[in-house]
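Engineer: Quick paste from TrEMBL:
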- A:756-766: compositional bias 'Acidic residues' (COMPBIAS)
- A:775-787: compositional bias 'Basic and acidic residues' (COMPBIAS)
- A:77-476: domain 'Cation/H+ exchanger transmembrane' (DOMAIN)
- A:567-674: domain 'Sodium/hydrogen exchanger regulatory region' (DOMAIN)
- A:662-689: region 'Disordered' (REGION)
- A:755-796: region 'Disordered' (REGION)
- A:1-28: signal peptide (SIGNAL)
- A:96-117: transmembrane segment (TRANSMEM)
- A:129-146: transmembrane segment (TRANSMEM)
- A:158-181: transmembrane segment (TRANSMEM)
- A:193-215: transmembrane segment (TRANSMEM)
- A:227-249: transmembrane segment (TRANSMEM)
- A:270-291: transmembrane segment (TRANSMEM)
- A:311-333: transmembrane segment (TRANSMEM)
- A:353-375: transmembrane segment (TRANSMEM)
- A:381-407: transmembrane segment (TRANSMEM)
- A:428-446: transmembrane segment (TRANSMEM)
- A:452-475: transmembrane segment (TRANSMEM)
Amino acid sequence: MALQIFLTFSPWNCLLLLVALEYSIASSDVNEPANSTAQHATNAWFAASSSEPDERISVFELDYDYVQIPYEVTLWILLASLAKIGFHLYHRLPGLMPESCLLILVGAVVGGIIFGTDHKSPPVMDSSIYFLYLLPPIVLEGGYFMPTRPFFENIGSILWWAVLGALINALGIGLSLYLICQVQAFGLSDVNLLQNLLFGSLISAVDPVAVLAVFEEARVNEQLYMMIFGEALLNDGITVVLYNMLIAFTKMHKFEDIEPVDILAGCARFIIVGVGGVMFGIAFGFISAFITRFTQNISAIEPLIVFMFSYLSYLAAETLYLSGILAITACAVTMKKYVEENVSQTSYTTIKYFMKMLSSVSETLIFIFMGVSTVGKNHEWNWAFICFTLAFCQIWRAISVFALFYVSNQFRTFPFSIKDQCIIFYSGVRGAGSFSLAFLLPLSLFPRKKMFVTATLVVIYFTVFIQGITIGPLVRYLDVKKTNKKESINEELHIRLMDHLKAGIEDVCGHWSHYQVRDKFKKFDHRYLRKILIRENLPKSSIVSLYKKLEMKQAIEMVETGILSSTAFSIPHQAQRIQEIKRLCPEDVESIRDILTCNMYQVRQRTLSYNKYNLKPQKSEKQAKEILIRRQNTLRESMRKGHSLPWGKPAGTKNIRYLSFPYGNPQSAGRDTRAAGFSDDDGSNPGSSSVMFSARSRIRSLQKQQAQEIIPMKSLHRGGKALSFGYQRSTSQEEYMGGSRRVALRPKPLFHAVDEEGESGGESEGEAFAVRSRWTTDRGHGRDYHRSHSPLLQRK
Amino acid sequence: MGSRSSHAAVIPDVDSIRRETGFSQASLIRLHHRFRALDRNKKGYLSRIDLQQIGALAVNPLGDRIIESFFPNGSQQVDFPGFVRVLAHFRPVEDEDTDLDPKKPEPLNSRRNKLHYAFQLYDLDRDGKISRHEMLQVLRLMVGVQVTEEQLENIADRTVQEADEDGDGAVSFLEFTKSLEKMDVEQKMSIRILK
């Protein structure tokens with residue numbers, strides 16, 4: 001703990017240093033009224049020359065204005081990054097408050113410094129700069145990291161909620177504020193309806209993703225995650241569309257000239273803008289996916305293609321006054337599936353990280369700018385407007401949440417509970433989007449722009465700080481419904497087992513919602529799109545690449561550490577323990593319970609948790625790796641059984657740990673291995689197990705019957721050990737030697753790796769192989785089998 | 001679902017399956033659709049390989065056992081009725097099931113049958129008892145690799161000890177049921193979409 005505090009000190013020290021540096025620069029900047037005089041002055045300072053300034057070459061010069069803008073922008077970004085490092089060093093902090101809190105604070109500090117030194121802040125936030133450079137990365141990142149399947153499963157609800165919610169909020173807040181403005185006492189009567197509507201639309205732009213990190217602790221359910229995510233994604237687009245439309249209205253003639261025709265045209269335009277943007281995005285997504293099909297040899301430009309095409313979709317849509325945000329979102333979503341399969345592993349990582357970085361930088365700049373403009377002279381404080389804005393934001397969000405969800409719950413298979421709705425309501429945190437739109441209001445049309453900016457800032461500060469910090473405890477409070485009484489160990493184990501079981505059966509059943517539409521799309525996708533857009537001969541999914549990675553590194557490590565270094569065979573020891581039933585004391589029970597809760601595998605979740613600010617390796621990935629490694633070890637184990645090789649010791653305790661499969665009662669297994677060993681030696685040439693093996697397989701394949709017939713063989717050797725044991729073995733082997741293309745999880749390399757040390761000794765092997773051989777010849781996979789089979793033979 | 005309703009005719013013995021499992025027509029059609037999707041080579045039955053190709057099962061710690069439960073009595077294939085019979089255990093318990101005719105066999109999704117299904121996941125040798133060894137195996141499956149073998153054995157000991165009442169060192173089905181009497185098994189082992 002002390003070390004942690006120490007560590008937090010040093011980045012804060014650097015922070016202070018940087019701040020001091022900037023202050024000194026700012027102050028020095030202030031002291032130089034003009035360019036030329038500055039140069040002269042500095043020349044006079046540093047040049048060791050005569051007093052005629054223009055005629056001598058100066059040794060040292062200082063020209064700050066040349067680099068001012070990039071220099072300060074870079075300093076801002078660095079400052080924010082250091083603050084983030086400090087933020088994450090204290091590991092509990094991210095769970096307490098969203099990171100946007102921190103960014104705003106840093107921005108306010110910088111703003112304070114700049115204001116204090118009377119420095120002119122760099123023109124970061126210009127309308128064109130914001131819309132052209134700062135906004136697209138943020139939206140692109142949101143679209144790219146969206147989990148697509150849950151999104152599309154819930155697309156009805158998400159569209160309903162996001163679109164209608166934004167509209168209701170915007171119009172509701174605008175209208176209510178207009179009514180307030182009519183009250184003479186508040187001095188707001190010069191704010192007309194259009195301006196209020198515009199303000200309503202920009203203030204309803206929520207950024208709930210910022211609070212998702214806070215949710216993670218409380219394990220919010222997936223559907224809720226998706227709703228919040230979807231809302232964030234579509235919200236920006238809709239708000240900007242509304243905003244632009246209303247600005248266009250404002251620019252039109254006076255308010256009285258607006259006729260119903262215009263309003264209808266406005267609505268039609270809304271739809272066209274939205275849908276058109278999406279179409280553009282999809283088109284560009286397909287084009288870029290198609291191009292990545294050919295980039296095998298120049299994989300360095302793959303990230304470039306991805307980014308350029310996304311950006312191009314944004315710009316192209318903006319040219320036609322369509323919604324660039326929706327375009328870039330649609331482009332990212334479309335592109336992701338195909339691009340991920342086409343690009344190389346390093347390009348994939350590059351794309352992910354670069355996207356995160358770009359969006360991080362953009363957001364940082366916006367927040368800092370927000371902080372900077374907080375401390376300044378461009379404010380107008382009007383109590384009534386601000387308080388009512390705050391109040392109406394909350395009220396209208398509550399209304400829209402509860403009303404819309406009430407309706408959509410009627411049609412959902414998994415309706416949202418009131419608790420979920422409360423969470424959604426409370427997660428309406430405003431972010432950089434609203435601020436940017438407020439800041440960019442044209443002053444000519446909005447004489448009271450400062451008031452709007454102030455109100456927006458107040459709302460943002462309130463929601464980010466107060467709601468952001470309290471939402472964690474709220475979620476945890478709402479979540480704790482279960483009684484706190486301790487469950488027995490039995491119950492814990494069985495509950496977890498049932499959860500896994502339920503998840504497994506759900507996977508067997510497959511996903512059912514929108515089954516037909518998805519099914520049709522999948523068929524279409526398979527038949528046409530994938531052929532066009534994806535390179536050939538590729539693994540099908542990231543699980544395969546994950547598997548390959550672990551295949552090559554860790555599996556071999558596990559082999560070497562796990563099996564070869566097996567400790568003494570302690571099976572007899574276990575046999576004795578069955579007789580003693582120890583009575584355990586309560587502390588042991590507690591510790592056991594702790595062990596269980598910490599170490600049991602989590603049930604798989606459909607949506608991986610999303611963190612906006614970094615890409616953490618998923619816990620579920622580690623868990624999946626472990627499980628896959630175990631299954632692989634089962635195979636190795638079972639292939640090694642019955643070895644007569646000296647190093648092939650019977651399974652030690654360490655190996656048992658890694659077996660995912662019940663490879664039978666240890667005592668009988670011990671007997672079996674010895675028996676099997678004997679039978680090997682008796683029945684065939686020792687060492688040329690392949691001969692025995694192929695002989696058996698030939699025998700088997702001659703008798704074209706089902707596997708039941710090998711029962712007699714087994715019972716001979718095992719003295720009647722349960723049949724299920726062998727079958728389980730054979731299934732695990734089948735899955736590994738399945739070799740058909742469809743078995744995406746078991747690519748060929750696995751078999752060869754297993755080959756290295758898996759001798760085909762053991763009669764159980766022979767049976768299993770035989771079973772498989774019969775099956776595969778029956779099924780016509782004979783090709784695969786023989787191909788995988790032959791290396792084994794050849795090696796001997 | 002207009003064009004799909006004709007599928008009801010495609011499913012053989014659909015009425016007897018309905019009676020046995022209690023699924024609705026729509027659910028059976030969907031399950032049949034899923035069965036056919038899993039049965040890639042159109043054999044008319046599923047084998048272990050077909051089930052193993054469900055990716056998510058591979059990273060489920062109990063994946064192999066779940067697959068195994070579809071093949072009772074050592075068979076190598078499961079046809080549609082068998083497939084549905086297993087899934088019927090996970091049908092949500094509805095109120096109308098409780099006032100059934102006592103002479104009829106217990107529905108597959110009764111609490112007892114659900115528990116029996118879970119019990120069979122533990123009891124692989126089908127001797128009607130979960131021995132300490134079987135408990136240990138399940139624990140191994142479900143716990144990460146950081147836990148040492150001795151700790152696991154302790155846990156297995158304790159688990160069996162807690163549930164074992166007649167002191168035979170193994171957990172019979174009755175004891176298993178009794179240890180879970182406070183748990184809402186019906187809710188834990190129900191999948192809402194299987195109506």
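A Cβ is built for glycine as well, from the same backbone N, Cα and C atoms used for every other residue.
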Engineer: Per the definition of 3+ C-beta pairs under 8 A with sequence separation of 6 or more, do the transmembrane segment (A:353-375) and the transmembrane segment (A:158-181) touch?
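Structural biologist: Contact absent: fewer than 3 Cβ pairs fall under 8 Å.
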Engineer: Are there residues at least 6 beyond the ends of the transmembrane segment (A:381-407) whose Cβ is under 8 Å from a Cβ of it, and what are they?
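Structural biologist: Same-chain contacts beyond the flanks: 160-161, 164-165, 168-169, 172-173, 176-177, 180-181, 183, 185-188, 199, 203-204, 416, 421, 424-425, 428, 430, 451, 454-455, 458-459, 462-463.
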Engineer: Answer with yes or no whether the transmembrane segment (A:452-475) touches the transmembrane segment (A:311-333) by the criterion of at least three Cβ pairs under 8 A, sequence separation 6 or more.
Structural biologist: no
Engineer: Would you mind listing the long-range same-chain contacts of the transmembrane segment (A:270-291), meaning Cβ under 8 Å and 6+ residues beyond its ends?
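Structural biologist: Sequence-distant neighbours of the transmembrane segment (A:270-291): 237-238, 241-242, 245, 305-306, 309-310, 312-313, 316-317, 320-335, 337-339, 342, 529, 532-534.
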Engineer: Contact between the transmembrane segment (A:96-117) and the transmembrane segment (A:227-249) is defined here as three or more C-beta pairs under 8 Å separated by at least 6 residues; is that satisfied?
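Structural biologist: No, the stretches stay apart by this measure.
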Engineer: Which residues of the same chain, at least 6 past either end of the transmembrane segment (A:158-181), have a Cβ under 8 Å from a Cβ in it?
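Structural biologist: Same-chain contacts beyond the flanks: 151, 188-189, 191-193, 196-201, 203-205, 226-227, 230-231, 233-235, 238-239, 242, 384-385, 388-389, 392-393, 395-397, 399-401, 403-405, 407-408.
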Engineer: State the mean pLDDT for the domain 'Sodium/hydrogen exchanger regulatory region' (A:567-674).
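Structural biologist: It averages 54.
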